Every structure is written in C-alpha cells, then in structure tokens.
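Q: Please read through the structure below; I'll follow up with questions.
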Amino acid sequence: MNKTCARCQKVVYPIEELKCLDKTWHKTCFKCTECGMTLNMKTYKGYNKMPYCEAHIPKAKATAIADTPELKRIAENTKIQSNVKYHADFEKAKGKFTQVADDPETLRIKQNTKHISNVAYHGDLEKKAAMEKQRGSAEVSDSSNESEYFSEQLAAEQFSQYAPTASPIPPAATTLHQQQQQLQHQQQQQYQQHQQQLQQQQHQHQHYLQQQQQTLPPPPIQHQQYNTAAITPTYQQLQQQQQQQQQQRAQQQQLHDPYAHYQQPQALRQQQQQQQQQQQQLLQQQAIKQASHLYPTATSQQQQMPPPQSPANPQQQALNSYNEMRSAILQNSHHPSGNSVDQYDQPQQQQHQPQQQSTNPTLVAAQQQQSHHSLLNNNASNGGISHSHHSNINNNGHGSQNQMLPPQMRRSAASVVAYDGNSKQQVAAGPGAAQNHLQQLYASPNYAAVTPSENSINVKQHASNGHMPNQQQQHVAGGSNIGKIADYDPLTDGPRVVPNAGRSSTTLVYSSEPRGNQGGNSVYPKRIGSVSDIDPANGIYGSLTAAEQAHQQQKHQQYYQQVQMMQQQEHPPQQQQMRQQPSYSSLQEKQSRQSTAMRVYRAIYDYEAQDVDEVSFREGDVIFEVESIDSGWMTGRVERTGKTGMLPANYVEQAVI
C-alpha cells in the first residue's frame, strides 16, 4: 500500500519519502507552515506535529501569576538542580584564573601566606620593633661588650697554654672583675647574717628549754626528746635548707654575671670550691653536735634519769600519775607494736607487790597480768585504762582490787558482787555462786566481745569495811589467761561461736535440719520444701504438713458444729424435723467456704485493676474470702472498698492474726 503526503495528499514513493513528526512527507513538501521555507531535519522546529522555522515557531509568553510559597520552593529547587548558574559562572571565569586541585604543598603555601598577611595587616612587626627600641640601650651595650670580651678571653686562655707571657687584661675585664668581687662580698655578708640568725634561734630555744626544766618537774627523757624533735629542725631539714641556699646563690650568680665562670682564673675557682667544702663540713659538724645534744643516747638517758621519788602530798601524787599516763601514751604512739616498757610503772608495781603479797599472795599474778594488759592496750583507740588506779586507796588501806583486774573480770566481778551504800555491807550470792559465774565466763574458748566503750568504763566500787572474797580473788587470778590465736587448733577445738551473735543476719530459706531442731525460732507453721510445693493460695508459700492440715480440718469441724448448735437453738424443733440433714458434699462445700472466709490476706503492693473482673487495692489493705482459682491468681474481697474480684497472688501475703 502506497503512503500519502501529509501536505499534498499525493502518493509518496520511496525515493522522495521523508518521515518526521509521525507523518510521511515529500521532501519538497516539508516546508514551514507560516512562510513556506523548505526545511530539513536540522533546521525544522516542531509544534503541534507541524513543521516551523526558527523565526515563526509559536513561543510561550510569560503570564503574570500569584507568587506562592510553593512556587518559590519549586523555583529554588529548580535553580539548584539545573546547571544554568554553573555554566554562567564557568563562562565568566574563562581566561581569568585556572582551577587547580588542592595538594599538601599548595595548602602549606596558602597557610603561610595567610599568616604573613595577618601579621602585616595587624602591624605586629612594627609593635615588636617599637618594644625593642624602648628597652634600655645599656643592656644592649653590656651584652655587646660581654660578647667581645668573651671571645678575647677565650683566645687569651688558649694562647697562654703555649706562650709564657700573659696578655694584659683589657679595661673592660678589670671592671667586670671588680663587679664580681663586689657580688662575692655581698654574698658572704648575707651568709654571715644567716648564720647569726640561726645561732640566735638556737640560743633562744635552749633558754626556753632551761626555763621549762626549772618551772616543771623533770619529765622522762624520752618525753623531752620527742618534744624537742617536734620543735627543733632535724639534720635533714638543715641539709635541705643549705642546698636551697646554695641553689639560690648559684642562680643569682648566673643572673648577674653569666660569664663569670670563664672570667675567673683556675686557681681562684679552686680556692672558692675549697672554701665552700669547708663551710659545708662546719655546718654538718654543728648539726651533728646539736643532734647529739638534743637526742641523747641510751647511756646518757640512764645517767640523766632521776631516781623515782615517793610522793609526799596528794597534789604531787596526782601530778606524777598524770606524767606517767602522758609518757606512756607518747611512748606507745611512737612504738605502735606495743612492745615498749613503761619506765614509771615498774617502780610503782614493785612498791605495791610487797603490800599485796602480805595480804593476799594470789593477787600478785593478777596485778602483773593487769599491768601487762594496760601496757598493751594503752592507746586511746583501744580503750586504754589510766594508770591512776594505782593511787586509789580505800579507808582500810587495801588497794581497790577490782580495778586491778582485766576488763572482762572487772565486769564479771561487778555483776556478781554488789555493795549497799546504806549498810556498807557486802551482799553477794555466795562465794560458790561467784566462782560458778566466773567459771561459766572463762570455760569456753570464746570470751564476750569487749568494745572500746565498755573497756573504757571505769567501774568504781568503794567499800569502807569490806573487800572481795578470797575464793573469788583466787579464781580471778588463776583464770585470767586470755587465749591467743596461736593456741587455737581447728582440728581439736572445733568451730567457735561468733561473740555477741544475738540473732542471725540472714533468713533461712532451705535447711537440712529436722522440724524439731528449729523449736520456737520459726514464726510461721511451715516446713522447708521445694519450689514445686509452692501454693500461692497457701499464704506463707510453703506446704503444710499432714498433721497440721488434719489439725486445721478438726478446727473447721468444731466451728461447723458450734454454728449448727446455735442454729438449732434459734429455730423451733418442728422446723428442725422438717429440714433435711445436709449431705456430705454440702458439708464439705460449707467447710471450704468457712476456711476461705477465715483466711485473711494483706496487700504488700499497690495494684490497679487491668480488667473488669479484677479488683484494685492499696498497700496494707486487708482482703477476705480469698480463693485460689488459677496459677498465680485468686479472688477476694477488699475490706476498704467492699469490692470483690480477681487479684494477683504475688501482690498479697497472708496476715498473721
């Protein structure tokens, strides 16, 4: 079938056929619709599937419309996405500069250029130049003279090694040498002044110590030693002060004259070093003398120790006891191991021993043990016992024997022996009872734990005409051997009981002990079972034994019988005959209802109802008529609101009534 031309409607043969704009044309018929100019495939413009030339093609005219935010957004997106702006900038930049990829070298040059331009812009170079000009010209001239002299002096020293004659010192060198001598003279004066100040301080300190020795009674040598050690500077502190002074002098010399070391001849430098060494040796000898004077040796301590004087009056006695306690505290504070020996305790113990041996020979051992105990526990943190109890004497002349006992014995004696203030007679349960009580106290290897507060309590028992029985004193003296850790043998002694364990700190959940061993310790009537025995409706989450269940059933039956008797008394006998007896099943139902009615629970958490058939309650609410309906759920009536519904079993616990 032959095709027809879109313009002339004639047959188009293949030789002159032209296909364009979805139509078939003769080559001569393919012309502009407006002007009739012949077109080809390169010059035509199509509009409405008709050919037009460039000049006559219909063009869209701009129409004024309202500018809305949506149109603005679209125009902005179009501008960003199109390449029109990029091409326009590219065309403008042609011939002006060339774009180059950034590399590290280019970036470094760019950064340096930026710094240079900033410095030039802010005028930092001019500011630095002005500051340099404002500095003193004298310093600049001095530095130049020093540099010139430094170079000349080095050359002269090198030449003097080979030539016998010495080069004359230039005038600048003479002035510098004079300045150096002046500095040395000033430093020597400062050093002498410092030495004089140190001597004055030492003299004042010695004068102060002499005044103290004249006014106060002679304290122990160790006490004086520790006090002076805290006041006077030690040998190490003197060495540190000397080193600091030498460093300061060296820094001053370097600041005033940095080239002084090279300007001095070698002989002069050696003399200065020898002088410094001699001064250091003198200072060390002085410090050693002071230390030996302030810290005497053991032999000098023994020579200087005054003999113990017997107290003449009560005031001197109290003062001596105070000094003894103070020296013992200081001694134990410097000897933390507790192996020190109290100097002033031994003569007093020797004075007390013959008196007590004449009255009661068995009490001497207790007194010796007490003195050893007081030496070991003399610090304030251990609840120490003051030594002043040696001077406490009652009316009969006997020492207060209860105070010479260890703290445990003192408390036991205080609990057994009592004194009546009115009759002033000793009231006790008898020597046998006291002895039994003390035997119970010291029978077990574990003593009662003694806290520092209990140990520091001074139990004073004064009697005008009485003292402790001899049997009790003998037992106290014999049973005061406190055990050590080394004496404990775990194989033979067995486990020890923890002292002062009033109650166990943990709650027993599962135990292998039988029911009878627990006794009255168990609060709830339950036995220890496994996790599978847990019943949420059982209240205390533990299965009851068969005997307890039978006991509860018996109680329920008795309660049911009582209710039935009351009902029979209320109703006439005719109605009782007409009424049928309840069956066994109905009796069981009533019994179960009564058991649930008797079961009372208390809420341990707040709960909000999540469904219609649930009930809300608050912590502490009482819940009655509880029945277990499912695993973890039960029904009950809240007493506060009166509502009945389902509630979670783990939110409540059985109330103990």
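Numbering starts at 1 and runs along the chain as it is shown here.
The backbone N, Cα and C atoms fix where each Cβ goes, and this holds for glycine too.
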Q: Can you tell me which of these residues Swiss-Prot lists as phosphoserine: Ser423, Ser480, Ser505, Ser532?
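A: The candidate carrying the phosphoserine note in Swiss-Prot is Ser505.
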Q: Can you tell which of Ser381, Ser530, Ser583 Swiss-Prot marks as phosphoserine?
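A: Record lookup, Swiss-Prot, feature phosphoserine, residue Ser530.
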Q: To which of the residue ranges 130-151, 262-283 does Swiss-Prot assign the term region 'Disordered'?
A: 130-151
Q: Tell me, what is the mean pLDDT of the repeat 'Nebulin 2' (96-130)?
A: 81
